[in-house]
Amino acid sequence: MKFLYILFIMWTIVHCDEHTHSYKDGEQVVLWMNTVGPYHNRQETYAYFSLPFCVGTKVTIGHYHETLSEALQGVELEFSGLDITFKENVPAQQFCAIELNDQTYKAFVYAVKNHYWYQMYIDDLPIWGTVGEIDGDHFYIWTHKKFDIGYNGNRIVEVNLTAENKERLSPDAKIPFTYEVNWKKSNINFEDRFDKYLDPNFFQHRIHWFSIFNSFMMVIFLVGLVSMILMRTLRKDYARYSKDDDLDDLEKDLGDEYGWKQVHGDVFRPVPHLSLFSALVGSGYQLTVVTLAVIIFTIFGELYTERGSLLSTAIFIYAATSPVNGYFGGSLYSRMGGKLWIKQMLLSAFFLPVLVCGTAFFINFIAMYYHASRAIPFGSMIAVMSICTFVILPLTLVGTVLGRNLAGQPDYPCRINAVPRPIPEKKWFMEPLIIIIVGGVLPFGSIFIEMYFIFTSFWAYKIYYVYGFMLLVFLILMIVTVCVTIVCTYFLLNAEDYRWQWTSFLSAGSTAVYVYLYSFYYFLFKTKMYGLFQTTFYFGYMALFSLALGIICGTVGYVGTSIFVRKIYSTVKID
C-alpha cells in the first residue's frame, strides 16, 4: 500500500502541471524561454540565451518532454529561472544583473538594431516581447518584465507581458533585470483562451466568402463547359463513328476519318518512365488523403492551439497512409506492364521523404553555420530516418503487394497495337508543352486569394485558423483541376496525339509553377526578409510546398482524365 501511495503522489505531481493545464494554489508555474530573432525574419530564430540575458535564481524544475515536431520547428525551451507560483503575486524585484563588456554590448546593440524580439511560454500560452528600441543615436534595452496572468478556477486562461524600464546600452554598464507577477480572476473559458491570438480582422470571412463565390462560379462555368461543349462534340463524334461503322471497307478507306477514335490502339499504351509516373501518382493519392485528413482534424480538433501538434499530426498521418501510396502506385505500375516492382516500390516510398529530408538537411547546414535554433538536432534526424525505414517502407510494401494482387490486371476497353501510330503534325497550341503551360492557370486562379492567407500565416506571424474555408477551397481546386484537365486531354486526343497520361498529369501539376512564381512576388513585395539563411529557408520550403501541391493536382487531374478516357473509348464500338 505504501508503494501505491508513493506512485499516486508521483502521478499527482507529474499531472498537475502544464501538461494537464491544471494547478493547485501555490504550485509552481513554469516560464519557458523559447527563441529570439529579427522580427522581419520569422524563421531566423536563435535560442533565447544566445543573447547575454541572465537566468533567474530558481534552479529546481520538473522535466520537459520535447516532441519530434517541436525539434523540427526549432522550439528550444529553456527554464527562465523566475519563481512564479499559481495565484501568488510577486512584487517588482530584481532577479539578476549583468555587466556589459565589449562582446555583450555589441550583441545587444546588434539585436536592438535588427529589431529582435523573443518568445516565451506559460502553460503553453505564447508571449512575445521586444529586446529594446532605438531612440536617436542611442540604443536601449527593456529590463523589466511585468506578467499579468488571468486564471479561471484552477486553469490559466490569459497571459499578458508588459516590457518596462528602458536602460541605455553602453560599454561597461551594469544592467539589472527585474520582474513582477500579478494574478487576476478572469471570465474567459479555458476552451476560448487562444481566441485572443487569432486575428478576425485579417482573416475576414467576407473576403473568404467572396473568394469562394468567385471560385464556385468558375466551377459552374467549367462544369458547364465540359457538359455542353464536350458532350455535344462527343455526341457528334459518336454519330459520325456509328455511321462509319455501317460503311463497308471501301467506303471507310475513301472516307475522311479523323479525331480521337483513330488513336484507340495507342491511347492506353504504357507511359515512358513508368516507375516515376506510378510513384508520382501513388504519392499524389497519399498526399491528397493526408491533406484532407489534417484539414478535417484541425477543423474539429483545433490543432493550431497546441504547440507542434499540427506538424506531429501530419507526420503521423503521412506515415500511417503509406499503404495508400503503395496500393495505387503499385497497381498502376502492374496494369501498365511494369516488371521491376521492387524498384517502383522503393521509389514510391522514398521519393518525397528524400526530397523533403534533402532540402531540410541542406538548409540545416546553413542554420548550423548561423547557430540558429532551426538547426535540426542529430537525434531528430535519426528519428526521421527511422520513421522512413521502419514505418513508411514496410507499409508501402504492404500496399504495393495488395495493389498488384487486387488491382494489377490490365482492364483496358481497347487493345494496344504492337507498333505505335505516328503522331501527325498539328497546330502549335495543341502541342503538349503548350497545354501543360496553360493547364495550371485556372486552378491557380481558384486558390489565389487563399494562398495569400496561407503564406501570411506561415511567414508573417498570423495564426491560420479558418480551416473550413481551406477545405472548401481545396475541394474547389480539385473540381477545377479535373475539368480543365479533361478539356485539355480531349483537345489533345482529338488532334490524334495519344500522349495524354503525362500531359494530363503535368498540365494539372503546372498549378505548382504558378504558386512558386507567386511566392517570388510575395517575398519581394509582401515581406521584409533578408539574408542568406532566410532566403534559402523561404525558397527551399516554398519549393517543397509547391511540389507537393503539384503532385496532388497532377494526380487528381490524371485520375479524373483516365476515367473520362475510359468512358469515351468504352462507349464506342471499335473493331
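Note: Cβ is positioned from N, Cα and C throughout, glycine not excepted.
Curation does not apply to TrEMBL; its annotations are automatic.
According to TrEMBL:
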- 1-16: signal peptide (SIGNAL)
- 209-231: transmembrane segment (TRANSMEM)
- 276-300: transmembrane segment (TRANSMEM)
- 312-333: transmembrane segment (TRANSMEM)
- 345-370: transmembrane segment (TRANSMEM)
- 376-402: transmembrane segment (TRANSMEM)
- 433-455: transmembrane segment (TRANSMEM)
- 467-493: transmembrane segment (TRANSMEM)
- 505-525: transmembrane segment (TRANSMEM)
- 537-559: transmembrane segment (TRANSMEM)
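Where the transmembrane segment (209-231) meets the stretches 276-300, 433-455, 467-493, 505-525, the count of C-beta pairs under 8 angstroms peaks at 467-493. For the transmembrane segment (312-333), same-chain residues at least 6 beyond its ends with a Cβ under 8 Å from one of its own Cβ atoms are 67-69, 274-275, 277-279, 281-283, 285-286, 289-290, 293-294, 297-298, 303, 341, 344-345, 348-349, 387, 391-393, 395-404, 406-408. Ranking 276-300, 433-455, 537-559 by CB pairs under 8 A with the transmembrane segment (345-370) puts 537-559 at the top.
Using a Cβ-Cβ cut-off under 8 Å and counting only residues 6 or more beyond its ends in the same chain, the transmembrane segment (276-300) has close neighbours at 310, 313-314, 317-318, 321-322, 324-330, 332-333, 336, 338, 344, 347-348, 351-352, 467-468, 470-471, 474, 501-502, 505, 548, 551-552, 554-556, 558-559.
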